[in-house]
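Visitor: The FAD binding site annotation in Swiss-Prot covers E34, K35, T41, S42, G304, V308, S309, and the record cites similarity to another entry as its basis.
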Amino acid sequence: MVKIAVIGAGVVGLSTALQVKQNFPFCSVTVVAEKFNTETTSDGAGGLFRPNFLTLSANPLESIKQWSQDTFSHFNNLFNSPEASDCGIALMSGFLLSNKEKLDMIEDISLGQSKMTAEQIAKMGFDCKHVTKVLTYTMECRRYMPWLTSKFLSLGGSMHHHRLKSLEELVGVYDVVVNCSGLGAKDLVPDPLVYPVKGQLIQVEAPWVKHFYFFEDDTYVIPNINRTSLGGIRIKNDYSTEVDPEISKSIWQRCTSRIPSLQKAKVLWEWAGLRPHRDPIRIEQDVMNFPKGTLKVVHNYGHGANGVSLSWGTAKHATRLVRQFLENDPELRSKL
């Protein structure tokens, strides 16, 4: 039997593990990770499907479009299925607001968008020049990640709690490894192009907020099913995972000044974490040589703040690369 390991249990790792198991049901597929569920960076995702093309500029546009479209199609299928209530997806309309930069999404990866006129912007009380109304999805990761895990395990996948110090540990144990280690890839590969971007948000109870708001200065308000996320920040090469009270104060001030109805919202909890960024995102095959032997690796990491928006699409891409490894190696092909 072919043995495949997926390193990492964030939204990218779990999406990849599920697709690999779905495509290769007779292979043994194991998720190997140090952190699971609420311990992962994905737990702090705002969850809005909105690929940020400004932070993805190092990637080929056609790749970004394909990853985005594949993820959007997956979310669309989930929303129109009985799984919707369990997986955390919601259909959401909202506003992209800016003075300088265009924050529009590509039209064919949203359910619709339209520019607001200056008169409409004034009536809404928005203090900006450009506003685009968008219909898209939000995904609540505290529901989605357990759902992905459950689906993966139901197909016969397995989980292994382990902190890897080197990929060499997997030589001779697994036939193919999919590396979705996020920021861990900086030391595990090692890859000097990976760096942390600190994010911080406040989760509040505000059931009266029914639309998302995304501003060009990384300020956002994103309602999910049971809570609303207020953010945010983007600090490169900051390794602190502690909630900074001054940053929280800034987030609260920015969000409540623009959406005054949030001023009496109940704070549920605060979160800070490190988003794993790389220019470009790394999705490719790699045959790594170690003293113990060689290891077939498919890399899939470096998504930064685009983990949720690109997760299913990059997982699909990585799964194709796994298939190439299996089909092009006579020994592995004979085990299928």
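Glycine too: its Cβ is placed from the backbone N, Cα and C atoms.
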Visitor: I need the least crowded one of these binding-site residues (T41, S42, S309), counting other C-beta atoms within 10 angstroms of each C-beta.
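Guide: Result for the binding-site residues T41, S42, S309: minimum number of other Cβ atoms within 10 Å at T41.
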Visitor: Near E34 (FAD binding site), which residues of its own chain have a C-beta under 8 A away, given they sit six or more steps off in sequence?
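Guide: In sequence order, H161, H162, R163, L164, G184 meet the Cβ cut-off.
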Visitor: Please list, in sequence order, the residues in the chain of K35 (FAD binding site) that are at least six apart in sequence and whose C-beta is under 8 Å away from its C-beta.
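Guide: The list for K35 (FAD binding site) reads A9, given in order along the sequence.
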Visitor: Which one, from the binding-site residues G304, V308, has the smallest tally of other C-beta atoms lying within 10 Å of its C-beta?
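Guide: So among G304, V308, the binding-site residues given, the one with the fewest Cβ atoms within 10 Å is G304.
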